[in-house]
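S.K.: Just passing along the structure, written as structure tokens.
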Amino acid sequence: MSSYYVDGLLSKYTAGSSLFPNVERASCSIGPSGEDYGSARTTAAIAFAPSLSGVYSVSDAVYQSRPVFTSGYGQGQDAHTLHCSLFDQSRLFTDSCCHPEPGPLTSPPDKQYRMYPWMRASDPTRKRGRQTYSRYQTLELEKEFHFNRYLTRRRRIEIAHALCLSERQIKIWFQNRRMKWKKDHKEEPVSTPSGEKDCDIQPVSEAEEPKAVNNPERRFGVRNG
């Protein structure tokens, strides 16, 4: 490297006290409008352009376009206003969703809930349906009634589990069966022994009864002689 080139380069660097003599320290605080940061950035760009043009031989036209970047900072107030407006809009939308306007107490007929039969209140005057038992269940209950007309609680639980019925159903069935049994036996006539007939039984008259009492021999079978 020639000494002429080195001396010429050093003379350019030593011409000023610093490479960026007019650059000011930018403030870190951003005001509500954002203009402080934009003005500091604009000043730094203007001071930075002539210093570099002497070293790197860059035309000033390139650095004249630097303020394009500062135009965004100059609109800081509008940007903040736009951001706040979007936030306010979202907040208003959220409030309107969370706090709907009071409407009528009665909903339209097409939006009413569907009522199922099991959701309605039971009518006390309505009669319940009669419980039907299968043939196998009836046969087992009849067999149990033939041996025991009254069941203990333990036996009732066993039969209920065996026949897949409830204790209440077993209890009601036995109550009805006992009432039927009493009714059938109450209406049956008293049967007489098979060897006797109604015609063989003759009523004793009052005229013949004193003769048997007054004649002791005939009464006890005593014969004379």
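These residue numbers are counts, starting from 1, taken along the chain as shown.
Glycine too: its Cβ is placed from the backbone N, Cα and C atoms.
Here's the feature list from Swiss-Prot:
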type: DNA_BIND; residues: 126-185; note: DNA-binding region
type: COMPBIAS; residues: 184-200; note: compositional bias 'Basic and acidic residues'
type: COMPBIAS; residues: 208-225; note: compositional bias 'Basic and acidic residues'
type: REGION; residues: 183-225; note: region 'Disordered'
type: MOTIF; residues: 115-120; note: motif 'Antp-type hexapeptide'
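Distances, neighbours, how buried they are, the whole picture for these features please.
M.R.: Helix first, then strand, then coil: DSSP counts for the DNA-binding region (126-185) stand at 43 helix, 0 strand, 17 coil.
Taking DSSP states H, G and I as helix and E and B as strand, the motif 'Antp-type hexapeptide' (115-120) has 3 helix, 0 strand, 3 coil.
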